[in-house]
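S.K.: Pasting in a structure now, in structure tokens, and then I'll have a few things to ask.
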Amino acid sequence: MATAAATSASEAEAEPKAGPTAEGEEDEVKAARTRRKVLSRAVAAATYKAMGPGWDQQEEGVSESDGDEEYAMASSAESSPGEYEWEYDEEEEKNQLEIERLEEQLSINVYDYNCHVDLIRLLRLEGELTKVRMARQKMSEIFPLTEELWLEWLHDEISMALDGLDREHVYDLFEKAVKDYICPNIWLEYGQYSVGGIGQKGGLEKVRSVFERALSSVGLHMTKGLAIWEAYREFESAIVEAARLEKVHSLFRRQLAIPLFDMEATFAEYEEWSEDPIPESVIQNYNKALQQLEKYKPYEEALLQAEAPRLAEYQAYIDFEMKIGDPARVQLIFERALVENCLVPDLWIRYSQYLDRQLKVKDLVLSVHNRAVRNCPWTVALWSRYLLAMERHGVDHQVISATFEKALSAGFIQATDYVEIWQAYLDYLRRRVDFKQDSSKELEELRSAFTRALEYLKQEVEERFNESGDPSCMIMQNWARIEARLCNNMQKARELWDSIMTKGNAKYANMWLEYYNLERAHGDTQHCRKALHRAVQCTSDYPEHVCEVLLTMERTEGTLEDWDIAVQKTETRLARVNEQRIKVAEKEAALAQQEEEKAEQRKRARAEKKALKKKKKTRGADKRKAEEDDEKEWGDDEEEQPSKRRKVEDSTPSAGEAQDREPEAGLLGKSVPVDVDPPSKQKERAAALKRDVPKVPHDSSKDSITVFVSNLPYSMSEPDVQLRPLFEACGEVAEIRPIFSNRGDFRGYCYVEFKEEKSALQALELDRKNVEGRPMFVSPCVDKSKNPDFKVFRYSTALEKHKLFVSGLPFSCTKEELEEICKAHGTVKDIRLVTNRAGKPKGLAYVEYESESQASQAVLKMDGMTVKENVIKVAISNPPQRKVPEKPEARRAPGGALVPRQIYGA
């Protein structure tokens, strides 16, 4: 079965339905039938036209003119830009400048997909036919092209084809197109175009070959395969020869044995066309196909109803097909899924793994691997699998080496990816060597490849990522093992291990033990002893283990002198290590003690402050009570305490004084003073009113219709009144319960209870809505003591290859300004500016792109860019895991001593 690649989600699977029930089904079915009939009639008309007058036209109503009209309707080919006379104006000059800019940009970065597309569009607009052809050729060598790009290219080339050589060139383009895509539309165009060359030598066989391959590729397509069958039948019906009737019969029978939408109409058409009764075997196959169609319908309907890219629906469909186990159908559903999910590496890995283990057909397997790395060149696992597949199927060494070089230039986004691809290539080179020979060309190539790998990681990778990606020197370790075990060259192996230890690995016990085991297996006792003595002096993580290994070796093989030296060295080293550990433990214990004392001081300070507030509050309450008693006892008597009199005199005059001053104020033309309490007294009265409000206990049975709202401004005077219009947009609000402190101050959070549960769910969408300059947090109302497993929303802390982390932004930078910068490098799905709880920007942002390739390109272009005089840093999003701070009590050992706490790095 022929295969095709997919590079875009542009081909929608939801075409007019003939099987499933939906609104407007009849209209869509009629439209689909009409399109297929028009195209089929166009094929037939093209067949008559190509055959010439020597062929009889059996069907009535088909003429050359009718065929030409229908062909024009079906092909919808665009006219070549050369047919128009372009006038040089300002717009054309602008286009020329843009073309030069795009060409220069592509000379810098040939993997800029959008730049290729824009260049082709402008060149086509300008009528630069030769340059358009070259630009398309370059792009097709790097990327698989979308269906639209291929059809546009094919239509342009068809319109310019003049002779047989041009026709062969168009045939070659069609061959490339059907390898990039499993696209029924391209196969239909291919069949239709091949009909035009039926008058040439071998033309009839060419047409039949194209249609047969089209059936193999897309004939099983549940929703789009029908058009290929009908076009092929129409072509065969147009040919007048003795065997044509049997050929059409055969096509009808083959089609009716396959589960396709609109099978009933095909069966009715066969009954009408056939002069003889339909054989019983055909009816049985037809009924069996109908039964199969019912099993497939739920999956097809799920695809029709879902929105692109429909990855989950395709995954379920793939699982279903793999259980049935028909290789052709499994391959087809993988290809259909990749049309819309061509940038999903896991889908390519699953598809290639199925082909590697099940079909094992060389051309098919290598074709899929090649398309996989062209679609997702940044995924190292696909390149590694490609190299293995090429080796497995005996591909020439030069081709494998060239593929590896392409992998190195693919632009991986992690340093470890380069280590992995080098490992895969070095493993391949090692398997080519015949180690029975002392020296060979393959062995020299392997050694030079190891040398180049180390230089590449040191220069290219370390310069780009500030790390080699191989801190444990795994490549150098493998080289040393090969030299020792397979080449019997311990001298080279020792040199390599010396180099490994000088790269910061001498402090690790496991590295010394690896070296010791290698010497043990392929070296001698003297070098084993020397390695362990060095290990005892250098190891800092597990020195006891190394000392134990040294003593064990001397116990079994060493002399008395060797044993004494080993005991002395190990005891001296362990004593020094214990001293260092005690010092570190004391230092950390002192730090922990200081921290605990500081925490205790803060605790005491808070307690004293709280007691002072309580004391002031009690004194104020006693004072107010005494004033009330005085007022009750003495009425309006003016014998007040001096302090109170001073306070009243300094603030607002009494009622009597106000009346006495009224005439004077009137004479002076001033307004009469109003009896207003001071602000402090107003606040106390408001607090008293709020204290008087009866507290309503939270009813946990209403959690499903309640949301918890937090991070509200403390300055809100009437939160329930201010928030009610906001939440009433989600549904009828039963109650809003703001939470106040004992002093009557709003604490910044509240509970909003709705009448219906759906209103509460809709209210969750208001999360992080700006309220008076602060982002409001809205979350479900859940009692965590009863639901400890409940998790609130948290942003991802894992590696997200399609998302960027931007730091160093100016605080004045807006979301729109950042989006304008980022969209030049790909399609931006979302931008999140990081703010504090008060809603103020922190100069950080997360930018989510549509694909990993766009994100990796944006990192290369934007890192180090200047934005409003600020130099920003851009990296792939990989936030650290959040660590819960340890309580001081938790660090106490059972005996009561403080255990040194873990010190985390930057």
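Cβ coordinates come from backbone N, Cα and C, glycine included.
Automated prediction, rather than curation, is the source of TrEMBL annotations.
Remember, predicted model here, so these are calculated numbers, not experimental data.
OK, TrEMBL features for this one:
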- 1-11: compositional bias 'Low complexity' (COMPBIAS)
- 1-35: region 'Disordered' (REGION)
- 49-85: region 'Disordered' (REGION)
- 57-71: compositional bias 'Acidic residues' (COMPBIAS)
- 595-701: region 'Disordered' (REGION)
- 603-618: compositional bias 'Basic residues' (COMPBIAS)
- 628-640: compositional bias 'Acidic residues' (COMPBIAS)
- 641-650: compositional bias 'Basic and acidic residues' (COMPBIAS)
- 678-701: compositional bias 'Basic and acidic residues' (COMPBIAS)
- 705-783: domain 'RRM' (DOMAIN)
- 802-879: domain 'RRM' (DOMAIN)
- 879-899: region 'Disordered' (REGION)
- 883-892: compositional bias 'Basic and acidic residues' (COMPBIAS)
S.K.: DSSP on the compositional bias 'Basic residues' (603-618): how many residues come out helix, how many strand, how many coil?
M.R.: 16 helix, 0 strand, 0 coil
S.K.: What does the DSSP secondary structure composition of the domain 'RRM' (705-783) look like, as residue counts for helix, strand and coil?
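M.R.: Taking each residue of the domain 'RRM' (705-783) in turn, the totals are 21 helix, 32 strand, 26 coil.
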S.K.: Reported in the order helix, strand, coil, what are the DSSP residue counts of the domain 'RRM' (802-879)?
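M.R.: Final tally across the stretch: 22 helix, 32 strand, 24 coil.
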S.K.: So what's the mean pLDDT when you look at the domain 'RRM' (705-783)?
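M.R.: Taking every residue of the domain 'RRM' (705-783) together, the mean pLDDT is 88.
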